[in-house]
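Heads up: the structure comes next, in structure tokens.
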Amino acid sequence: MGLKLKQSYHHSAVAVKVNEQMGTKRGYTFIQSNRAWLPKFLLLWVMVMAFLSTWIYKKMDADNKVRRKEVLSTMCEQRARMLQDQFSVSVNHVHALAILVSTFHYYKDSSAIDQETFAEYTARTAFERPLLSGVAYAERVRHSEREKFERQHGWTIKTMKREPSPIRDEYAPVIFSQETVSYIESLDMMSGEEDRENILRARATGKAVLTSPFRLLGSHHLGVVLTFPVYKSKLPPNPTVEERIEATAGYLGGAFDVESLVENLLGQLAGNQAILVNVYDITNSSDHLIMYGNQNQEGDLALLHESKLDFGDPFRKHQMICRYHQKAPTSWTALTTAFLFFVICLLVGYILYGAAIHIVKVEDDFHEMQELMVRAEAADVAKSQFLATVSHEIRTPMNGILGMLALLLDTDLSSTQRDYAQTAQACGKALIALINEVLDRAKIEAGKLELENVPFDLRSILDDVLSLFSEKSRKKGLELAVFVSDKVPEMVMGDPGRFRQIITNLVGNSVKFTERGHILVKVHVAENPKPIDDAKAETCLNGGLDEGALISGGRQFNTLSGYEAADEQNSWDSFQHLVTAEALQNDASVRMTDADEAFQSVTLMVSVEDTGIGIPLIAQDRVFMPFMQADSSTSRNYGGTGIGLSITKCLVELMGGHISFISRPQVGSTFSFTTAFGRCKKASLSDTKKSNAEDLPSGFRGLKAIVVDGKPVRAAVTRYHLKRLGMLVEVANNVKIAASACGKNGSSYGSKIQPDIVLVEKDSWLSGEDGSLSLRMLDCKQNGFKLPKMILLATNITNAELEGAKAAGFADTTIMKPLRASMVAACLQQVLGTGKKRQPGKGILNGSSVLGSLLCGKKILVVDDNMVNRRVAAGALKKFGAAVECAESGKTALKLLQLPHSFDACFMDIQMPEMDGFEATRRIRMMESQANEQMNGGADEGSGRKDEWHLPILAMTADVIHATYEECLKCGMDGYVSKPFEEENLYQAVAKFFKTKPISDS
Amino acid sequence: MLGLAADRLRADMNRLLAFLFHQGILDEQFLQLQQLQDESSPNFVSEVVNIYFHESEKLLRSLRSLLMDREFSDYNRMGIHLNQFMGSSSSIGANRIRNVCVAFRAASEQNNRAGCLRALEVLEHEYCFLKNKLHELFQIQQQRVLAAGVRYPMQN
């Protein structure tokens, strides 16, 4: 149920998280929020730009047109003015001629002008009238005078069609003419329609008048005729029309050949190719008569310029119209400019659009990624949940299998069957271990593994781990030893469980892969690398003079077992340095520790050295990858999944350290890692030590011991363990030295102690001459000295050897390695007979009876709402000798636990109606702390009983998830046992609280 | 003769137990329970199991009445009952009942009434089955005790 609840809670939490993240990340940018509009924006942009470029084109084009128009108008005006000027010059001259004629023809009595004179004069002055093709003078002849006139001149008046003129009122025959127009002599000007009109108008106005354009005689060019009246008498000032008509003597006329005239004129001007000029007579405004130019409308009709022409005849109006020959050329500049502008803008728009699209895409991707990340995290959480659930679900049937196998093994089986069953059980255990490891790995990956931070005794944990592997190592004949530098604080803050796991993993690996030699776990403070460097230098200096003796053809190395180790740093040279450095610093240790207190944390360097098969070079870089082993044969030969080291690495990194290794194939591997632990506060140290750490008996303080061991490293390890018991230790290289030491007490041999104990390594004993030893011993006895206790240290020993040892004087005892302080203490107690009973070490007695001894006589409260559970729990606890009381709810429990009470522990179900286990625990803790405060206030020193009320409360739960455990701790519980009770589980939980009791009681 | 009978009874009991384990009706927790039984509490197992039956019948009754209720909506209470049931079942090692409870609870968490009803039927069936089997077991055990009781005076 707890699991389920937890799951659903977790899922909802994930969902909430997802929502939150989505919520916060929805802060879209402008671009993102208008993404749907982007193409429209682009389109709009393109349209605006198209419009703009069109506008630019139009403007430039309009400019061009205006300029063109201006050019046209100036050209037109120029031409009009020129034409007008030339025309008026000609008209003036004709005027002068008219006056000449009136002066010399009429005012003189006999005419001074005859045809020849006139012709000559006009020919000679023709340059003055460039526009006139010729001039002629026609006399006014009335019908009454016609005969006289015809007689006088000798020709008859003819019409324009060169026929004798019909009878009219008046005639105007040409009498003088310029040679160019001599063909019109004797022609009656009045007979032509235009001329007649002209003549009438001229004599009425007295001014030059022009005809409308018509085809001229002779040249057939378009032209106009200019007519001037010539008066025979002087006119009065402001004469009337009648007076003018009366006074008219004749008419001087000239023909303007407009076409050739304008042609000539334009020829003189620049740019006449470009424009087309038309000259019109617009007297009749509805019907314009063309005087010059092509009647067909050619050229650019769109643009024209009109200029007024004033030829001096007010009756006639003329105008000049100019056009360009060609249509206005397309303005390429404008077109290109506009087009380029458009293209550039289009590109800019497209670039912006592309950028926006890209931004949108990137943001989309980003959001997608985020979503995926959230989902992946959720999946990760789900995965670890799943793993936790599944592993739990697998564990339950596995327990069934194992239980049944255990039952099966208890029955009568043939040896083959037993073998099968045992194999099956071993496999099952391995499978459970694997599941636990996978679960661990998953937890670490999910980041759910949180480290504890509690004070613990590192040395005792190392001892524990060693004791785990002592059986295996003894079987293989391996030396297994641990050495902790004195500088490592006794208690450190950290996660003992995880530290133990790391060490167990590494040592387990080492044990697995080592067939001979040793495994050494070494812990020292990693803040002092210098001595090691020094030591290294020393080693180099002493390189040639190595003390290693040649034993049975192989080189003897200064390591624990004499086998070569992969990492030379761990060999005796550096080791010795470390030990001596410590010895030197021992004096100053008080000051040192004071100084060290200042640091909040201490970094420890832990190395696990073995002389196993090593790791192949090619496999060395993937050692820490999960499920990777050196090669596929490894798992076949040695078993294991290859996940252990990766978990170890994760754990080390979680603890703020790093792990590395040096390995040489067929030589061995040394794994070293650093971890940072917190230092313990002095105050809390004493408290926690009592409850948490394994107390070492203090009865050996001050005893003197001699360790006889040829191998310095091993001797140092032995010394370390004895020192922990408070003994003074001397190391002797061989038996002789030791014997002499105890023999000649205070003599020149140096050693000034009278040893209480002599510990002899088996190797030393076997190599040394046993005869002499016993002899020495006898000497000692005879000399009246107190005989030191002789103890043999051995990794493994055969029965024969044991007998031999007894015979040789090691009657007292044999301590089997690996050494552990507590075990050494137990053995010494036995040997020295200090009156203490042998403490029930857990290595010797099995768990059940230990549990019995732990729980025996304890009063325990079981709180569970479920009657069956209550009964079962009570039964289980009673079996181990505890007195059990039950409560069916949190409230009842609170009542029972009103202070003072006599309960030693409380097992609390977590899920109960009304008040659950967490809440009940919180209240109990509250009660306790209140009581404690009162007590501290009343009597400062602790009374006879415990200093503080703290009832160990253990949660009972069917849930294995770590989080539940953390929650248990959070509300003040001390641990948990899984429900239903299992002996081991119960033992582990209970041992924490009751372990020290029997010892301290006795 | 009597010794033979005792052996037969033991064989019967073992067979029955083996069957129950094989079918997954019981799990190793039942063995643990049996281990708890010793001279100081000779009837521990049957005592516990009887409590279990008593409690379970109450729970089953209330579950049924909860489910039979027309406008039934109190899934929460049902969950509590089921938790109780599950807890006690796992305590005595009634594995299959526990599994049915898990399914039942899943159904109730989804407010799936039809599923709940179905699960309840299965649960009741399983419960009856277990009860019968355990009664059978206890009968054999009792016979053994009787047989042993007959034998012991003879030995003495």
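Just so you know, glycine gets a Cβ as well, placed from its N, Cα and C.
Worth saying up front: this structure is predicted, and the values here are computed from it rather than measured.
Pulled from TrEMBL, these are the features on record:
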type: TRANSMEM; residues: A:37-57; note: transmembrane segment
type: DOMAIN; residues: A:109-321; note: domain 'CHASE'
type: TRANSMEM; residues: A:332-353; note: transmembrane segment
type: DOMAIN; residues: A:389-679; note: domain 'Histidine kinase'
type: DOMAIN; residues: A:704-832; note: domain 'Response regulatory'
type: DOMAIN; residues: A:859-994; note: domain 'Response regulatory'
type: MOD_RES; residues: A:Asp909; note: 4-aspartylphosphate
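Remote same-chain partners of the transmembrane segment (A:37-57), defined as residues 6 or more beyond its termini with a Cβ less than 8 Å from a stretch Cβ, comprise 31, 334-335, 337-339, 341-342, 345-346, 349-350, 352-353, 356-357, 360. In the shown protein chains, 27 other C-beta atoms lie within 10 A of the C-beta of the residue listed as '4-aspartylphosphate'. The secondary structure of A:Asp909 (4-aspartylphosphate), as reduced to three states from DSSP, is extended strand.
With helix defined as DSSP H, G or I and strand as E or B, the domain 'Response regulatory' (A:859-994) counts 63 helix, 24 strand, 49 coil. Looking at the domain 'Response regulatory' (A:859-994) alone, the prediction's average pLDDT is 75.
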